[in-house]
Amino acid sequence: MASEAAMFQCSICDKLYLLEYEAHMCLSTHYEQEEDADGSVVLVQPDQDIPQRYSCGHCRVVYDTQERASMCLARHAAQDTWMESEACASGSSSAIETHTPASQKATTSQSHSQRQTPWTEETVIILIQAVHNAYPRLDGKQERRDRVWRDIYHVISPQIPGVTIDQCKTKWKNLRYTFFRYVQNMNTTGGAKLHVPQGYEQLCAFLGDRPIAKPITVSCGLEHLNVEGDQSVVDPIPGPSGISAIPPAEPSDPDDPPPAISIPEVRKSVKRKKIRPPSQSQRLEGIQRESVEEVRASGKRIDAFVTKYEEWCEQQKKFMEEIIENQRQFLRMEERKTEILEQLLKLEREKK
């Protein structure tokens, strides 16, 4: 029997994905670049969340609530032939329209550019500390994360006047992005120099260790050659014209071997290959591969459970058969006793 399936939708281009991570990756491609107070370029996410959608398990029509998807599936189940519903027949691939009008997008962009940021070094530290305290509870469903963010907002709103919960979410995502980008850049050879992100010391405390120092490529040249052997220091003799003359070397025995001169091997310059981070498609392939492996492992666990359950049912069947056989033997013994008693009673009557 088919069932309704949960899907996730990018709030900018309305594309549907099976995984929430894929929808976030699509949303990240629509980020806008802004220049921070210290001159570093950061990515600012639009004030939109990832809405969850539900699709009918038979016709795959997407609805905004699980109840509507369940009703569509129930209508299919009520039909013996499982024909398409009205929404399917009309050719609609989605039951709702979530595109933002162009005028509304322009208004949102203007208001965003005119808005003054409440974030300074002190307020950023307050936000990081609040998120740090509630970080273990942020891993869960969207409804649970919303409750956790409301708790975080209630903690920091008295200390940061005028801040909104959406600003807190956006600032935290930007801080996390710039931190991991900075760490990745520091661990990559040849990366461009970036500014230290805001709250770097506090972010290192629970998002990861400090990055290692950049590796340096060293090239060897002939200017560093050293010639080993019999070397003598010759003092120049000044001549009449003021030019120093080098005295001739003393003749040596022709049978003597020439002095050995050893030239060290010149090491070629080592070119280090820049390790690029995995692309979005590679990350998605890794996630899909992990999902397939998890499904296979789940199938193996289900097969093992079914096998054990069948063995248990077989044992219960044998046990019940033994109980029934014992009951039958008991009934036969009771019938035999009844026959003997009837014979004794008959003999007693004949004697009288």
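Every residue number used here counts from 1 along the chain in the order it is shown.
Just so it is clear, glycine is given a Cβ too, placed from its N, Cα and C backbone atoms.
Please treat TrEMBL annotations as automatic predictions, because they have not gone through curation.
Annotated in TrEMBL:
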COMPBIAS  100-117  compositional bias 'Polar residues'
DOMAIN    111-176  domain 'Myb-like'
DOMAIN    123-212  domain 'MADF'
REGION    93-117  region 'Disordered'
REGION    231-259  region 'Disordered'
REGION    268-287  region 'Disordered'
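For the domain 'MADF' (123-212), the predicted model reports an average pLDDT of 79.
Note on the domain 'Myb-like' (111-176): DSSP counts are 49 helix, 0 strand, 17 coil.
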